[in-house]
Amino acid sequence: MKSTAESKETPSQDESTTSVPCTEAPLVEEGEEASFGAYKRIFTFAGRTELILQAVAILAACASGAGIALQNLIFGQFVTVITDFTNGISTPADFRDNAAELALYFVYLGIARLVLSYTYNTLLTYAAYRIVRNIRHAYLKAALSQEVAYYDFGSGGSIAAQATSNGKLIQAGASDKIGLLFQGLAAFVTLSLSRLWCKWKLTLICICIPVATIGTTGVVAAVEAGHETRILQIHAQANSFAEGILAGVKAVHAFGMRDSLVRKFDEYLVEAHKVGKKISPLLGLLFSAEYTIIYLGYGLAFWQGIHMFGRGEIGTAGDIFTVLLSVVIASINLTLLAPYSIEFSRAASAAAQLFRLIDRESEINPYGKEGLEPERVLGDVELENVTFSYPTRPGITVLDNFSLKVPAGKVTALVGQSGSGKSTIVGLLERWYNPTSGAIRLDGNLISELNVGWLRRNVRLVQQEPVLFQGSVFDNIRYGLVGTPWENASREEQMERVQEAAKLAYAHEFISELTDGYDTLIGERGGLLSGGQKQRVAIARSVVSQPKVLLLDEATSALDPHAETIVQKALDKAAEGRTTIVIAHKLATIRKADNIVVMSKGHIVEQGTHESLIAKDGVYAGLVKIQNLAVNASAHDNVNEEGEGEDVALLEVTETAVTRYPTSIRGRMNSIKDRDDYENHKHMDMLAALAYLVRECPELKWAYLVVLLGCLGGCAMYPGQAILMSRVVEVFTLSGDAMLDKGDFYASMLIVLAAGCLICYLAVGYATNTIAQHLSHWFRRLILHDMLRQDIQFFDREENTTGALVSRIDSYPHAILELMGYNIALVVIAVLQVVTCGILAIAFSWKLGLVVVFGGIPPLVGAGMVRIRVDSRLDRQTSKKYGTSSSIASEAVNAIRTVSSLAIEETVLRRYTEELDHAVSSSVKPMAATMICFGLTQCIEYWFQALGFWYGCRLVSLGETSMYSFFVAFLSVFFAGQASAQLFQWSTSITKGINATNYIAWLHQLQPTVRETPENHDKGPGSGAPIAMDNVRFSYPLRPDAPILKGVNLKINKGQFIAFVGSSGCGKSTMIAMLERFYDPTTGSITIDASTLTDINPISYRNIVALVQQEPTLFQGTIRDNISLGVFNPNTQPFFSDKDAVKSVSDEQIESALRAANAWDFVSSLPQGIYTPAGSGGSQLSGGQRQRIAIARALIRDPKILLLDEATSALDTESEKIVQKALEGAARDGDRLTVAVAHRLSTIKDANVICVFFGGKIAEMGTHQELIVRGGLYRRMCEAQALD
């Protein structure tokens, strides 16, 4: 695979307004910066417990750092012991005894480091978990408190992903890294103070090293933090766009939008990549400057020390050696400043982004306690001279000086064209917005003076597009009890009220038939229920609290005629004694209203009762005539004597209690179900994961080569240092000019070593960021692309909610960025240093080298690998748990209108927090286990240094090795220990990166069932007709024991217009899903033009099909963008190409499609016309407007097969009439085959064949006239909808 991120140009401003899906609101407040202040503020979210844990941890870290400094004292004694033996002061036996005693101090020091390292790492990590939990809690609370207008700007689309991914960045920068930093600083300060007391002049020279290092690090980190902030902002916009794509995945599949949408998603990533490239020279400068300064300072200290010794200012060589060794140990700890500063700046940038929303004051805060809460509600509603424009379109007046009185206890109906302001009134009554001018009163009180939560609890709403939440049916209806006296009642009492409400909404019967009844889980957004079932549950949710004011915004639009009749009666009954405002396009549902208000362009055209308006013969009467259905006996005159059409056969309905598939079929269904389960996937180990990442982008081979060469050069640092320090000891055996000359030479060698570090680390820092940014870009794009490749059943799985998927899109590529950035280079350098130091030790003293290398390094590596394995398992578990919390946040934010109308912000926040608490509490034990392994990696180095010191001195005393060889070997062991200790400090980044790689690799190889293959590549759908279904049975893959279709036989001829009608949940929309190949039949077959559908190339097939869904899906971008996505271009390029067929669609084609969908007038009236942003999910448009745009998108495709799933359900009567004529014309256009699902029977009465579904089968078939005469189910449906 090749990435073209490098070659893509950023779209111009003009292009971005027409083709780039943009977030309409700025994501960053003016002047906002990620600074040290933002980092400090992270810790203000720590409670008393967290502060105590952190204080104890920092004390332990400082003690651990002081323990590091104690090494120097032991080494000072070590030099004394060596000197005494060399000078003959002590005997070989005394020498061995003294060495053994000193070796024990190393053992004790290692034990202390084990305890202290375990303590501070465990406490800091746990405290960070809790602090991040508090920040996430505050962030979602702030998000849920924002007024709806905030989300209209598209500002909240990626809130769930930000909470998860930014939380992980904060976690990384506010946990164990703090302990390591304090440990390093404590070591440096302790060493400096101890040496300052003894040799203050030389020590003061050495202090220039940290001053220069810290100064350089601070400046570079500050600049780098600004770039990190900008990248996070761009990624937040990209996540928002991706969230919209994944939420509308069925539309993406149906229209083959994947490559076009991924290409638009990539435009954000290209911009982020450009900013990311600017970090490369900064990291090169940061790492190279750090190591160069350290070795230059080291050389200066050695040079000055030699000359001070020559002048007699320093008494013994041991004093110089001790100071130099202090510099070395302190410098090793200072080298951690650079990588940690990057972690801290990323945490600050991530926190600053979250704090911006946390600090934002909502104009309408649902958490506020202020406002009136009257004890009694009558229900008098009055709108007085209300004028309103949406904040996103202030130039368009939606309501113009509008006045209306809604008497208490009466039913008032609002009708009119889409966009006339009907739903706007609902939004104002719910206080989603405040009017521009005028007043709205409830029982004489201005609603702006009422408590927001109290108002929404007493004014209940059923929306046009009902939104349900993950959980059970009971959970969803119970949300309506929040804030009422029954909220804390027993489950039995709540269940009683829930069932009463369900019966009222005609939902009890179908709920009782579900697998687990009221405890049945319904999936994300209620996806496992049909549209009509969802709407009935939503009605039950709104009436369960017995509100005094009820708002019904197309509350029965998704119900079948029979259910609609019964539910309407129930609503009529529910309306008794309460104020009800009904918005309806189905006029049959409002004919009994006390007052019907006909609206147009924000004004009232006429109002009155059904009878008075009919008598007036005005606008309303004309609408009634359009919707009227003929059900009289004269229809019999047009019926064939046989009672059947030429291709129509009446099927006998036979009910079967449970469908039992053969064992082989059930086995296949279960294998398909398990195939999408990531937990069953075999995971790659670290080396395999790294190899996969390297192979994935071969275009980075030169960058990898630079990193390899840089690492090879960098690994020479410790061996070179060991040799030079050993030579330093020899220098002190000389005197006079010879000593000074040798001293000057070795000081210059240290400068050469510094120059080598400058070159190597500059290359490593620059190249690793280049690789990391490229891989992050590539995998963000690839993971979205691979998700969109999957079958619909992949998105049906509980773990694959939209929020969880977006979280993975954001967090997994970032984990790879951390793994393949400087972290992996430091790990490689540390590994090479351990190897080279080990080889050096063996080369100079093979006995000592073999004993120490094979006695110390294997247990250290073993402990580190065990930590990585445990850490990896912990990361997978926490990611899964945070995925659940992310799903809760995502569905709440995306359904903010439903959440606010139910006033369940606190309930949602409590659910979210409970998931966070569960994630934190379940992480304690595995975290404690992994920290034991970390403690071992920090202490084992002391134990094999003790072994090396004891055994080396023994060899020296026995004359088996020279003093110089011993020094080289021992210092090599010492530096190998230092390198190995650093090796596993990055294990958290390693494990996260490995887990991310495993998921991405699994997803990439996961092949959908419905896909193009070499076998079907050339197999097209032919003419697209006839379509034949032979004994089709179907169960959803995740519910194999709940059959939906139970043996459907049907033939649809070329040019026919066929309609599916029936009760909600009877299988109509499932038939549409089968014809779109969202799913394949469990048994039976579907043939297209005599070819089995499963044998046809799905891309070729879908290219001749267009779908209009019941709940239209629009994407971020302009109206033009959304319609253009419907165009099929046979030359569409793969997603990594620069070419985009969508941009080639002409404005004339767009206009033609809009006119056909009766949408041109309203679109052309907008200030930006077809270039008007649709908003996230089409939020800038009304429901009817969204549906017309979706119809235009389907018609511009010029399909051979047109699938209409309640295509006109959200349209007003006039628009429906015009659009219906357009759709009928489209259906009659040539040989086009049209399949329509409809509850509004007036839209399908002219169909060639009407199929009445019942119980998963076709109960009746025929024309409108034939079925009316037959007097069966269809006739009863028509009678229910007749208006005359």
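Including glycine, each Cβ sits where the backbone N, Cα and C put it.
For reference, Swiss-Prot has these:
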- 416-423, 1062-1069: ATP binding site (BINDING)
- 705-992: domain 'ABC transmembrane type-1 2' (DOMAIN)
- 1027-1280: domain 'ABC transporter 2' (DOMAIN)
- 1-24: region 'Disordered' (REGION)
- 55-75: transmembrane segment (TRANSMEM)
- 99-119: transmembrane segment (TRANSMEM)
- 178-198: transmembrane segment (TRANSMEM)
- 203-223: transmembrane segment (TRANSMEM)
- 282-302: transmembrane segment (TRANSMEM)
- 320-340: transmembrane segment (TRANSMEM)
- 705-725: transmembrane segment (TRANSMEM)
- 745-765: transmembrane segment (TRANSMEM)
- 824-844: transmembrane segment (TRANSMEM)
- 846-866: transmembrane segment (TRANSMEM)
- 931-951: transmembrane segment (TRANSMEM)
- 955-975: transmembrane segment (TRANSMEM)
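Sequence features annotated in Swiss-Prot and their locations in the structure.
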residue	record	Cβ neighbours (10 Å)
Gly416	ATP binding site	25
Ser418	ATP binding site	24
Ser420	ATP binding site	23
Lys422	ATP binding site	27
Gly1062	ATP binding site	27
Ser1064	ATP binding site	24
Cys1066	ATP binding site	24
Lys1068	ATP binding site	28
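When secondary structure is read from DSSP and collapsed to three states, Lys422 (ATP binding site) falls in the helix class. When each of the listed stretches 99-119, 282-302, 705-725, 745-765, 931-951 is scored by C-beta pairs under 8 angstroms to the transmembrane segment (824-844), 705-725 comes out highest.
Against the transmembrane segment (931-951), stretch 99-119 has more CB pairs under 8 A than any other of 99-119, 282-302, 705-725, 745-765, 846-866. Under DSSP, Lys1068 (ATP binding site) is assigned to a helix (H, G or I) in the three-state scheme. Highest Cβ contact count with the transmembrane segment (282-302) among the listed stretches 99-119, 745-765, 846-866 falls to 745-765 (criterion: pairs under 8 Å). Sequence-distant residue pairs (6 or more apart) of the transmembrane segment (705-725) and the transmembrane segment (955-975) include at least 3 whose Cβ atoms are under 8 Å, placing the two stretches in contact. Predicted-model confidence for the domain 'ABC transporter 2' (1027-1280) is 83, expressed as mean pLDDT.
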